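Here TrEMBL flags 84-146 as domain 'Anoctamin dimerisation'. TrEMBL lists 149-717 with the feature domain 'Anoctamin transmembrane'. TrEMBL lists 157-186, 236-255, 297-326, 346-374, 394-413, 522-551, 572-596, 679-704 with the feature transmembrane segment.
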Amino acid sequence: QNEEKWDFVLVSDIHEMGSEKEIKRKKFLDELSKKGFTIKKIEDTKLFYGVRAPQHIFWNYQRLLMNPDSRQQNSSAYQDVPVTTRIRVVHFILQNTVTSDLEKLHDLMKKKVFEAAFPLHKKEEIAEILKKKWARWRVLFKEQPIEEIRCYFGEKVALYFAWLGWYTYLLVFAALAGVATVAAGATVFSSSQVSKEICDANDTIMCPLCDQNCSFWVLSETCTYAKVTHMIDNEATVVFAMFMAIWATVFLELWKRERATVVTNWDLYGWDEEEEELALKLINNSQQELQLYEHSYFCSTIVLILGVLMIMVLIGIAHALVIYRAVAMALFTQSDVSLLSQHADIIAVMTGAVLHYLTIVIMTKVNWHVALFLCKLEKPRTFSQRENNFTVKIVIFQFFTNFSSLIYIAFFLGRINGHPGHYVRIAGHWRLEECHPSGCITDLFIQMAVIMVLKQTISNIMEYLIPWISHQLRKKRKPPRRSVMLGEEEEAEDPCKRQWVKNYELNEVNVFSLFNEYLEIVIQYGFTTIFVAAFPLAPLLALINNVIEIHMDAIKMMRLRRRMVPRKAKDIGIWLQVLEAIGTLAVIGNGLVIAITSDFIPVQVYKYMYSPCTRQNHTGMDCSTGYINNSLSVFHIQDFEPHTKVLPEFRGVQIKECRYRDYRNADDYTYTVQFWHIFAARLAFLILFEHVALCVKLIAAWYIPDVPQRVKNQILKDKHRNLSNELSTMEYCTEV
């Protein structure tokens with residue numbers, strides 16, 4: 001039975017005898033044989049080579065990485081090596097075995113000498129437990145078997161699922177708060193004073209939305225839009241934004257505690273990745289020269305310049321989307337189709353959001369190649385260093401890809417477009433789009449909703465369907481068995497053969513398989529926290545997505561993909577710093593959304609400085625009465641630009657002036673004093689909000705210890721026990 005335990009399987013096409021590929025393959029397999037590997041060949045439509053490492057390799061591994069104290073006491077007794085460790089060690093040796101032509105397995109796979117190399121999914125007890133308790137849809141709301149995941153896929157994958165499970169669990173609280181915020185907004189859906197004023201403004205004539213043949217319009221036409229806006233944009237949103245800033249900190253602090261508990265149970269607290277890598281290199285080749293760390297300021301400068309150029313390209317794409325929206329708005333408004341011309345603003349926003357989603361899909365692939373190229377320039381020493389460098393670059397690129405158009409809508413839309421008679425234009429022709437009279441926050445809400453819903457539904461469907469379809473196709477593509485050689489009896493089928501072929505038919509995994517999962521969730525975490533003030537339902541969407549994501553990833557790993565090479569890890573690595581950076585950005589982002597995008601500050605300034613309440617004591621009066629009229633400036637029609645064609649008659653009345661959203665004087669169109677009051681209030685609120693939120697974050701980080709007391713005491717007891725044993729051994733040796 002032991003004879004049939006194979007660590008790895010190499011797959012190759014059947015090459016002609018004496019061909020270059022066949023010679024290269026033989027050379028590689030000979031190198032493995034010299035290292036004491038057992039190799040078993042099975043021929044089917046492909047050539048399969050089972051590989052098993054000699055026992056002494058694992059003994060060396062255990063001896064090199066054993067604790068110094070146990071090395072003295074127990075040098076002869078070797079424990080059984082876990083399967084995950086066997087696979088990891090064998091994978092390292094396979095990847096670093098060099099043939100006489102100075103080629104490694106990676107080079108041979110590029111030259112199609114070998115087609116695949118993978119560890120096996122075996123019919124063992126733990127795999128069956130995982131399929132039953134984890135990789136199926138029926139157990140959607142059950143706790144994940146993290147210990148079993150670790151024993152089958154290694155610590156790195158287990159930590160990913162432990163982190164994802166913890167994040168999903170804490171999202172429940174954020175989702176409830178988000179739903180409560182929207183519910184609080186819905187209660188004032190029709191009763192908000194500002195919405196009422198917009199709905200009753202039948203006499204307020206607004207300036208045309210485009211230059212050619214656009215008529216004036218009445219403010220009350222946007223009644224529904226105003227109601228929706230004030231459902232999102234109210235006092236509850238400010239509280240929710242503050243709550244989410246604290247939630248992001250508490251989530252990470254509690255995760256640090258959870259991680260410390262998990263890692264201590266796995267006896268990995270003192271494990272060192274660098275030491276493990278050095279040990280594996282020595283086991284593979286004891287004569288190998290030590291590769292030292294290198295750093296070149298020249299390379300770093302090149303990487304920095306290229307990185308900045310890439311970011312500028314991504315910002316350029318965001319500008320292109322802005323131009324699209326402005327041009328689309330102008331064209332839709334002038335369209336002969338009444339549906340397009342009446343709802344031009346909504347349609348421009350919706351199509352802009354879909355276009356943004358498409359740019360995200362395309363630029364993700366481009367970012368990937370650029371980040372890989374920049375990593376090659378840096379020449380990192382170890383795999384984990386390369387992974388960290390790559391992570392930082394791809395996260396920055398993806399941040400700009402995903403968030404640049406949201407940043408524009410949140411902070412620039414309607415603020416840089418000028419005013420009637422003096423509009424800012426693209427190429428001197430198209431007007432930049434304006435904010436809705438009831439605020440810009442609904443545009444941000446629509447953009448966030450479209451991107452999150454599209455991103456999560458489409459990417460989840462693709463993520464599951466593509467591996468499933470390709471697995472089905474691989475099974476179908478299998479040609480009939482090669483006919484048996486003439487004169488030979490039909491041999492009994494080798495029991496390994498079916499298992500190896502079945503594993504080969506699964507989809508391949510690569511070093512980025514787990515990285516992709518992390519990246520997807522981290523970008524989602526950005527959407528859930530950074531602009532959450534504009535889209536309080538983001539945590540709910542993220543929660544629904546994650547519950548499905550966990551089990552979809554499980555099914556992919558267990559049933560649709562080949563087995564991942566298990567890797568050791570004692571934390572989620574650089575992703576923790578990425579999450580902390582997003583947490584800080586969330587405070588800044590939400591502070592800016594409330595201060596700049598939302599109408600919260602202008603309404604408060606109006607209430608306390610300009611409303612009827614300040615002039616006389618009206619206890620029964622809503623202090624925001626008159627706000628809409630106050631927030632609209634007056635424009636005289638004779639001051640329109642010469643090429644603007646406006647029909648001066650509206651509903652049979654000759655129009656002399658119209659209103660637009662801004663705080664400007666009616667005579668010379670300069671900013672009013674109220675504009676500067678609001679500007680100062682926005683700035684003061686921003687500084688106050690961010691300082692308070694960051695202080696609360698720091699207090700939360702201090703209040704919740706990273707390592708639980710129980711874990712600290714456990715480590716302390718272990719140290720004490722080891723030192724006591726060491727002392728008693730020394731005393732015993734002295735007596736003898």
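Cβ from N, Cα, C; glycine included.
Those TrEMBL annotations? Automatic predictions, nothing curated.
Contact between the transmembrane segment (679-704) and the transmembrane segment (236-255) is present: at least three CB pairs lie under 8 Å, with pairs separated by 6 or more positions in sequence. Using DSSP to sort the residues of the domain 'Anoctamin dimerisation' (84-146) gives these counts of helix, strand and coil: 32 helix, 3 strand, 28 coil. Per-residue pLDDT, averaged across the domain 'Anoctamin dimerisation' (84-146), gives 86.
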